[in-house]
Each structure stands twice: as C-alpha cells, then as structure tokens.
C-alpha cells in the first residue's frame, strides 16, 4: 500500500463492484484504515451507486477503484468525471481495469491508451500507467460471468491520475509584470532630426515665394451675383414653366410664390360644406351647379360664376 501514498488523517474512498470478493474487500479496507489512523476515514461504496450518491465536491484525498484483488471493474466516462469531482485539489486516483492489448474495436473494453485519454478528459492530470499484469483465473472467469466477454489478449492495467491544485471554475489573480518607463531619453541622430525639422528661419528665407490668397481674387469675384444671372439659358422655357429637379437658380421658389398667390386669390368657403355638393351649399355659394369635389382639391371658378356670386 505504500505506492498509494496514503497518509494518516486522510479521507479515502474505496470503490468496488459485484466481482469483488467480500474477504478481499475487508482485507483491503483494514489495511487502508491502518494507514489513515484514527483521525482518518475510509469510505466503501459500490461503483454502480457512485452517480446516485451525489457526494460533495472535494470530499476525498485518495480514491481507490477496482483495486480489490479479483475485481474486474469497468469505469465509464461519467464515473471517472464524478471521481475527479469528489477528489480534493491535489488528490490522487488509483484504479485497475482490464484492457485490450490488440487493436480490436470494442465498445465494452477499452485499450490502455483510451483509458488514459478518458482520465484526461475527466479533468485529471499527470496520468501514469503504473504496471500491467495478466488476468488471474478468477478475474478471467469474472469477465466471462459478469460481462460476457472472453479474450486471450486481455491484461489488467494499473493507472494513476492527480487532480489539479484548483477547483474547476475557480479564479486567481494574475501577477502581471508592468514595464517601468525609463527616465533615460533615447539617443537621436542629429542628421535625422535635421532632416525632419523645419526651422522658422527657413520660412523667412527670401528665396521662398509665398502666395497671398487675397491676390487670387479680382474685385469682380467679390461682388454678389444677381439671382437672374444664375438661371440656365433653357430654364423655364416654353408655355409651361417647370423647375428642374434640385433647382438652384431660384425658379422653384418663384413658381411656388406664384402658386400660393393664385390660391389666395380664390374665394374661400365660409361654411366648409361647398365640396359636398349643391344640397349642402348656401344660396350665394359660387360653387352652385358644380359637382362635388374632394376636400382640399383645387377648383377654378370662371369669371361668370364669380359675377353671379
């Protein structure tokens, strides 16, 4: 038992299965209790009840699974993950499991490399294969009875793994090295500094001609232009004047003023019912005799209608 590294006062879990003999289990537990002492504790449980037990996280210092002589326990990924969960940070797991030594693709029995990969995926580190040994006649018979599997290429492998010194999801502060700013200024090449430096004395050199921006404009350029002169030659030609799209010459504003002036000269209804028809119009309504129209629709009256009104 010295290879398991069990110390006095530690909490140890021993997992077995139905293939483990009671005498061998009692003998193993007695030896472990002798190592843990009165301050420690040894917990024994069937591996098939591990997931249902719902142990608290970080409960055990050492876990022994399948170590009972004659045991042929097979560890599922879920069982390995739960063992890693209930191990304390820095705790160790020791297990023994039958493995295939050939490259036969088998869903029941893993190879030694797949067993180590499963331990790594469960969250353990420092996975090591301690030893391999042939199955005893009792173990071979147990494989045949409980698992219905028989093969001449089976071996029993002992593997160990360690839980990292931190819990999953824990956080710690990183000590970042901040680079101190140097008080010594970098050396600058004088030739390079002179190349990229423009002196004020160079600006006052008589050989440099500066352009006066005021001399670029003539007196005619400073006069405000007449809006009529900005119109295009073909803008508004024809019987019906029409402003161009995005007009900038002022024709659009001019047409808008003329339209608003024409609308203001039209007579306005005092009752507001003129558009409904003659049945709703007054006796002196200028729209008498005209059909009904939509509210807001522009209706032009002839001079005779205006005179009658």
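Glycine is treated like the rest: Cβ placed from N, Cα and C.
Taken from Swiss-Prot, the feature [2Fe-2S] cluster binding site applies to 235, 244, 247, 249, supported by sequence analysis. Cβ-based neighbour count (10 Å, all protein chains) for residue 247 ([2Fe-2S] cluster binding site) stands at 17.
According to Swiss-Prot, the [4Fe-4S] cluster binding site annotation covers 271, 274, 282, 285, on the basis of sequence analysis. When secondary structure is read from DSSP and collapsed to three states, residue 274 ([4Fe-4S] cluster binding site) falls in the helix class.
The phosphoserine annotation in Swiss-Prot covers 182 (among others) and rests on similarity to another entry. All protein chains included, residue 182 (phosphoserine) registers 7 other Cβ atoms within 10 Å of its own Cβ. According to its DSSP assignment, residue 182 (phosphoserine) is coil.
The phosphoserine annotation in Swiss-Prot covers 183 (among others). With a 10 A radius on its CB, residue 183 (phosphoserine) counts 5 other CB atoms from all the protein chains.
Taken from Swiss-Prot, the feature phosphoserine covers 213 (among others). In three-state terms derived from DSSP, residue 213 (phosphoserine) belongs to a helical segment. On its own chain, residue 213 (phosphoserine) has no residue at least 6 apart in sequence with a Cβ closer than 8 Å to its own Cβ.
Per Swiss-Prot, phosphoserine is recorded for 269 (among others).
DSSP gives residue 302 (phosphoserine) a coil state; it is part of no helix or strand. The number of other Cβ atoms within 10 Å of the Cβ belonging to residue 302 (phosphoserine), over all protein chains shown, comes to 9. As annotated by Swiss-Prot, phosphoserine applies to 302 (among others), with the evidence given as similarity to another entry.
The feature phosphoserine is assigned by Swiss-Prot to 304 (among others), with similarity to another entry given as support.
Annotation source Swiss-Prot lists region 'N-terminal SAM-like domain' at 6-172.
Feature annotation from Swiss-Prot assigns region 'Linker' to 173-222; the stated evidence is sequence analysis. Mean predicted confidence for the region 'Linker' (173-222): the pLDDT average there is 73.
The region 'Fe-S binding site A' annotation in Swiss-Prot covers 235-249.
The region 'Fe-S binding site B' annotation in Swiss-Prot covers 271-285, and the record cites sequence analysis as its basis.
According to Swiss-Prot, the motif 'Cx2C motif 1' annotation covers 271-274. Proximity of distant same-chain residues to the motif 'Cx2C motif 1' (271-274), defined by a Cβ-Cβ separation under 8 Å and at least 6 residues beyond the stretch ends, is recorded for 280-282, 285, 287.
Helix first, then strand, then coil: DSSP counts for the motif 'Cx2C motif 2' (282-285) stand at 0 helix, 0 strand, 4 coil. Under the heading motif 'Cx2C motif 2', Swiss-Prot lists 282-285, citing sequence analysis as support.
Sequence-distant neighbours of residue 274 ([4Fe-4S] cluster binding site) (same chain, 6+ residues apart, CB-CB distance under 8 A): 280, 281, 285, 287. Candidate binding-site residues: 244, 249, 271, 282. Nearest to residue 183 (phosphoserine) by Cα distance: 249.
The shortest Cα-Cα distance between residue 302 (phosphoserine) and any of the recorded positions 182, 244, 249, 271, 282 is the one to 282. Residue 244 ([2Fe-2S] cluster binding site) and residue 271 ([4Fe-4S] cluster binding site) are 39 Å apart (CA-CA, integer value). With the fewest other C-beta atoms within 10 Å around its C-beta, 271 stands out among the binding-site residues 244, 271, 282, 285. Every protein chain considered, the tally of other Cβ atoms within 10 Å of the Cβ of residue 249 ([2Fe-2S] cluster binding site) stands at 17. Residue 244 ([2Fe-2S] cluster binding site) falls within neither a helix nor a strand when secondary structure is assigned with DSSP, and so counts as coil.
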